[in-house]
Amino acid sequence: MDLQFLGTSSGVPTKARNVSATAVIEATGHGWYLVDCGEGTQHQLLRSPLSMRDLRAIFITHVHGDHCFGLPGLLASAGMSGRKAPLPLIMPTALHDWVRQGLAASDTYLPFELQLQALETFDGFTCGNIQVGKVELSHRVPSYGFVFDEQDPEPRLDTARLQADGVPAGPLWGQLARGMTVEHEGRQLDPQHYLQPQRPPQRIIVCGDNDRPELLAELAKGVDVLVHESTFTEPVVERAQATFGHSTAAAVARFAEAAQVPNLVLTHFSARYQGAGAARGSSIEDVREEALAHYRGNLVLAQDLQRYHLARDGRLVEVL
């Protein structure tokens, strides 16, 4: 799977960072899922190769505006782009009427079915070989993370088993490879009996705002990539004597190290953290240095519009 970050700033945008939005992209490179939709997300999409027609579902982690204010515009643009397929939108119940009323008040017509689902009672979503679950987090308001699990990735035909079962090479093999049930000599052949994954399935967790990384302990077992907010560094929290429901780079890094997370992506940075080499104020390098002091795995500080690929060897790498 791939990740592309459409917004990595906390609270407000900066000149270099938009507010929260993350795309999780299927291994095929086409279908994708949007986690959060801060204001301006549709503008970021114009600067990416992602198509609204290939969007499988939208997931909103919590009600705060920097995670959802981009929804009405994005939905309207999806309709104007010619999308016809139904679009599942999983988000807190408190936002449902806001979206409905916003579309109605602006006389916005959607040529597709908007399938609103309550996040509080959400019990999973499946599309093709991707399953999405949720995990409850800790913030000033109810907040969740989403777990993306692959099932049977990149299956290949078990030709030895086919031959042993007397199924000759030919069109039947092609149909089974495409996941079709076929009939041979009066028998129904289930494609799942003849398909094997070429690599281990991948798991990616994308979190909303959270001040208790340890809540992820169980789900982090076997995770390939953890995407977690890192709004502040410890000196900022110490001066303020409050976390405001957010995590520091050190807190997330300590958890990821203890949980043996192989790839840690930090995002949702306070606007105070400017680019490397900033003339004044805090630098994003402060976040990196604090995390590296506690974490020995592959650390990534998310950048707007940067795409990352989870390779076969399990390492998350930039797509150049």
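In case you wondered, yes, glycine gets a Cβ from its N, Cα and C as well.
Remember, predicted model here, so these are calculated numbers, not experimental data.
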Worksheet item: Out of ASP123, ASP209, ASP211, ASP313, which is the one Swiss-Prot records at the Zn(2+) 2 site of ASP66, HIS67, HIS268?
Response: ASP209
Worksheet item: According to Swiss-Prot, HIS62, HIS64, ASP209 bind Zn(2+) 1; which of HIS96, HIS139, HIS294 is also listed for that site?
Response: HIS139
Worksheet item: Whole-number Å distance between the CA of HIS64 (Zn(2+) 1 binding site) and the CA of HIS268 (Zn(2+) 2 binding site)?
Response: 13
Worksheet item: Quick one: what's DSSP say for HIS67 (Zn(2+) 2 binding site), helix, strand or coil?
Response: helix
Worksheet entry | For HIS268 (Zn(2+) 2 binding site), the three-state class that DSSP assigns | coil
